[in-house]
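Just below is one structure, and these are the notes that go with it.
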Amino acid sequence: MGQEAHHHHALPTSAADAAGAGASAPAASRIFTAGLVAAWYASNIGVLLLNKYLLSVYGLRFPIFLTACHMSACALLSTLAHAAGPGSSGSSTPARRRSRGQLARVAVLGAVFCASVVAGNVSLRYLPVSFNQAVGATTPFFTAVLAYAVAARREAFATYAALIPVVAGVVIATGGEPSFHLFGFIMCVGATAGRALKTVLQGILLSSEEEKMNSMDLLRYMAPVAVILLVPATLIMEREAFGVVATLAREDPNFIWILLCNSSMAYFVNLTNFLVTKHTSPLTLQVLGNAKGAVAVVVSIMIFRNPVTFMGMLGYGITVAGVVLYGEAKKRSK
């Protein structure tokens, strides 16, 4: 019996060992994690601010074109990283043949992903980054609603209750946003819902063991799909984009570098996101994510000097508090 009991205990040790290793981690790994988080913050906030800069300040009014650049860079860099070595790109699985059904599912994810990124970039044209981030913080609300709608996955009551401040905060922030723009707001909500839908669909479509894909593998398949969708969309809806880009490039040689830097950073956002997820616990990730939103808001206000009101900041604060509560409630209900 002793043998049996001992054995039973031995099962979940990998998690415990990992936790132990995390706690008593040598300085090197702590520095590595800190560096990762710093890179994650820098690339995330950098892309956000550069997007805003290009779309609003620079007069590159072409969110679909911008997203196409980002996705092309992601497709290129993730393919290169994969070719360079399976280890380096964060993909551990050997390249198995993907079934056609799976590729179709990944294409659906790619389309959702692509639509949400475009919507987000469209919203940046009309809204300040600070407000864009406040709306973006409501992702857990959309995830919970969509998980219920799509997969009939229920959460505990407390978890839903925690979502009230998440939404209330944005409602307050909306009332207090001096630069409010309805179309931009709708696009921003659409982008947030799209991100949540991608998360939910990813959980469902790629849930079976043989279809499990990590996010870098997924990006490698999704980015080309996105490019295939976005290039025609750019040609149809933003036909003048290429001419304007050519003109901007002639007028300002730095422009192309900014665009290239912005596009390759879009890949690093995904890479660092994946690595931070891999090297920290989900809870740490949530805390870091909330803090990242707050940092983005502060930095963007300092750079773009968009007017902010007490109401707007209060609303944002309430939303972040709601997200924290939501994380707690979810953890408790498990």
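From the backbone N, Cα and C atoms, a Cβ is placed for every residue, glycine too.
Nobody curates TrEMBL annotations by hand; they come from automatic prediction.
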Per TrEMBL, the transmembrane segment among 4-21, 310-327 spans residues 310-327
Sequence gap of 6 or more, Cβ distance under 8 Å, 3 or more pairs: do the transmembrane segment (157-174) and the transmembrane segment (310-327) meet that? yes
For the transmembrane segment (255-276), which partner among 31-50, 103-124, 130-150, 283-304, 310-327 gives the most CB pairs under 8 Å? 31-50
Mind pulling out the one from 103-124, 130-150, 218-235, 283-304 with the most Cβ pairs under 8 angstroms to the transmembrane segment (180-197)? 103-124
Residues of the parent chain within Cβ reach of the transmembrane segment (218-235), under 8 Å, 6 or more residues beyond its termini: 62, 64-65, 67-68, 71-72, 74-75, 78-79, 82, 89, 91, 98, 103, 106-107, 109-111, 113-114, 117-118, 202, 206, 241, 270
